[in-house]
Amino acid sequence: MKPASLFGKELLHYNYGMACMYPELPMEHAIEIGDVGWFGSDGQFYLLFNATKGESDPRNMNGVPQSFQPLELPRQLFSDSSNHMEAGQVCTSIGVDVSKSRSPTGVECPPITITLQKDKAAFLVSQTTAGRKHIMANDAMPEYMLRNRDNWHRLAQGMRHAVHKDEIVMISGWVKTRSWVLGLGQKRGTTMIVNGVAADNANEGLRVDSTDPSSVTRRGPAQFRLQSGQINPLRDQCIFLNYYKAKSRIFAPPKLEANAGPHNLPDSNEDPDNERFDVTTNNDVETTSGDDDDIEIAEYPPVPSNHHPIDAALDFILESAECDVAIASDVDVHDILEGVPWPDDVNEFLKRRELSLDIGEDKKVGKFSVKDMIVRKYQNLAAHRHDNEPIPPEPTDQPGPSSAEHSDYEQDESTIPTADGRWRASAIIPGKIDGDTFEWPHIKLSEPDDDEAGATCPAAVSPDGKLVAAGFEDAVVRVWDIDTGALMLKLQAHADNVAAVAFSPDCSKLVSGSADGVAIVWSTYTGENLAQLVGHEGDIWCLAYSPDGATVATGSIDCTVKLWDAHTYDIIHTLDDHPSVVQCMAFSSDSSLLVTSAQDQGKVWNTRTGHLVSSLSGHENVVWAVSFSPDGRRIVTGSEDNTSRIWNSATGDELVTIREHTNPVWTVQFSPDGQEVLSGSYDSTISLCDSYLGTQRNLLRNVASTVTSAAYSPDGDYIASGYSDGSVNVWNAKKGTIMADFKGHEDKVKAVIFSPDGQEIVSSSDDGSVRVWSMEDVVRLVPTF
């Protein structure tokens, strides 16, 4: 086996990807996600083009394939860690002893002694912290690869690269560092010592000494410091790679004999188990003549399938399913392993697992099921139930909890597989496979053994995206961890139904408003009842925390809005110019304005002075929803009169009237860029309109039920919508196409909210449940092209 292949295979068990024996590349060629190319017999990656960049991008200066359309990868697919590996972290083959000496003063990395307990073992040391970026296993990349790999191969041939089609890969992730040292040892008992380097002499990198001169060692890069003398800030040394690879079913002689050049075949008298390392360089590439002319073509023969676990996984797919092409990545196999070290015989390991494969109806492609990967994720969450770590406490002088209960984590039964292995909540993904319906795993937030909580108010997600809160008809406020579903706090002090909740911008507090006429401010750290805001003479229907954290606003059936100092809890202003019950409210992004609605009117207030800034008059029936534009200069309202209207917040002038609905409008919102507004209606549609012209861009309709709530994702790429029949839908906002239809709630959806990072959708319902749906799971299953 070539050293580069052995090196990559020996470190697979870290599940970082394929280890690269040649991490160094010219800075302009540093590997990126979406790169399409191949690994030569020298172990280096050769770039054809980048599938995610445009045709005019510098990375594609050498050309792109015929009929090229860039691959769009939703940001939810990306996982990015700046400190994936610590400085000085050692990666070795299984069965290698590693010991570190005490680090001398001024030395970045202490001396490391590596002792081989077997023949042919590898190691890698990252001198500096290493970052990782990768794409989660998804259906988009393999389907894009299937559609385009023939054109990729033609591009390679046009560039005079005689690479086999099955050796073309697409990069889906990397681990990069600034400086490294690596090695391959040949003999059991060999000792290699990696010597630390003084911090002020880091340009020299790490040094390694070996007791066996046949060991192969490398270090880099040559230029750790820039010409200015400063350390290179770029982590451009790629030490691990993730990639997708395809393999065609061949009705011909074995691949080793058919595709490999004679220089790659072992000598008939050579014992492969005793093969010594053959270190190749770029000068070792064999050249052959073309058929039609004398142009030399570099030949990069493929590595035999049995030399790499990814190839073994592809063989498994072809052996197990009737398909023309198998596509897989190391990330797929890592998911199936579920923490088990990579076996020596990947093919045999996979055969022992009960795996389902996704096979296209035309049987052109076979791949590991992403659906199964998603299900396994939730099975693991249920199987590894544990008491959640408490939220970090506030300073020690903070009083302890008085009216809150901290709950141990218990997974709700609706997120644990039933006897047939399914979840109770399902989803339809029309764009995936026609009529494809399957049980969709998700997290249902609830309190164990308490089914009498009643309907929820609209749920709230903390600004840091870690917590979900909702109030219930049983007068209790419950707070959960969004990732695990753990019930963190059970807040009890209200005397009646809780109608609204909101987090403070710094996530340290939560305010709740109730039919008992009182708003309560709670500590999200301890659950302490910090203050009771008493002053209203009737039920509180709505409330909001100002974005600057200075003010709490509450609206009541007593026809008033009260502004409270969020620190002293004193009433600042009472805004009483409302004709009836205050239905809804919203702060501007700079906290200087507050819009409220009552009956058919909207009011805009100066939050500092309490003065009325403008009145929004023009609707002919009740205003049910209000929303500020991102810059605070405009307001959109939705009304029982079937219209949504856009107003100048400073003057109250009506700028645009949108008449795209045939029934009342229940929900409205500006897009994050302010260029578009959505309106959801009793007529079962969501209209997306230009916010300046009022012209319709898209009309979204899937469920024959009233749209009760809708929201843009933080990046504006997606829309989530809730309906009176309990459905939750996810849409591509740009294309106007449906991506998923979640079935789980059994009554009207009160609210749908995206988490701040856009990775989750939270929905709350009159059925008393709050559910968390993974946007990450949706984009893994639905191709974007």
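Placement of Cβ uses the backbone N, Cα and C atoms for every residue, glycine included.
The region 'Disordered' annotation in TrEMBL covers 257-295 (among others).
The annotation compositional bias 'Polar residues' is assigned in TrEMBL to 279-288.
Taken from TrEMBL, the feature region 'Disordered' covers 383-421 (among others).
Note on the repeat 'WD' (460-490): DSSP counts are 0 helix, 18 strand, 13 coil. According to TrEMBL, the repeat 'WD' annotation covers 460-490 (among others).
Assigned with DSSP, the residues of the repeat 'WD' (491-532) fall into helix, strand and coil as follows: 0 helix, 24 strand, 18 coil. Here TrEMBL flags 491-532 (among others) as repeat 'WD'.
In terms of DSSP helix, strand and coil, the repeat 'WD' (533-574) has 0 helix, 23 strand, 19 coil. Here TrEMBL flags 533-574 (among others) as repeat 'WD'.
With a cut-off of 8 Å between Cβ atoms, the residues of this chain six or more beyond the repeat 'WD' (616-657) that come close are 583-590, 592-593, 595-604, 663-670, 672-674, 677, 679-681, 687, 691-694. The repeat 'WD' annotation in TrEMBL covers 616-657 (among others).
Long-range contacts of the repeat 'WD' (658-688) within the same chain: residues 621, 624-631, 634, 636-646, 694, 696-701, 703-712, 714-716, 719, 721, 723, 731, 733, 736, each at least 6 residues beyond the stretch ends and with a Cβ under 8 Å from a Cβ of the stretch. Annotated repeat 'WD' per TrEMBL: 658-688 (among others), in sequence order.
A Cβ distance under 8 Å defines the sequence-distant neighbours of the repeat 'WD' (700-741), meaning residues of its chain 6+ beyond its ends; these are 74-75, 427-431, 440, 458, 666-667, 669-673, 676, 678, 680-682, 684-688, 747-754, 756-758, 761, 763, 765, 767, 771, 773, 775, 778-779, 782, 784. Taken from TrEMBL, the feature repeat 'WD' covers 700-741 (among others).
Under DSSP, residues within the repeat 'WD' (742-776) fall into helix, strand and coil as 2 helix, 19 strand, 14 coil. Annotated repeat 'WD' per TrEMBL: 742-776 (among others), in sequence order.
Here the repeat 'WD' (533-574) has Cβ contacts under 8 Å with residues 496, 499-506, 509, 511-521, 580-587, 589-591, 594, 596, 598, 605, 607, 609-610 of the same chain, all six or more residues outside its ends. Counting same-chain residues at least six beyond the ends of the repeat 'WD' (742-776), those with a Cβ under 8 angstroms from any Cβ of the stretch are 75-77, 136, 374, 424-428, 440, 442-446, 451, 453-461, 463-465, 468, 470, 472-473, 480, 482, 485, 706, 708-715, 718, 720-730.
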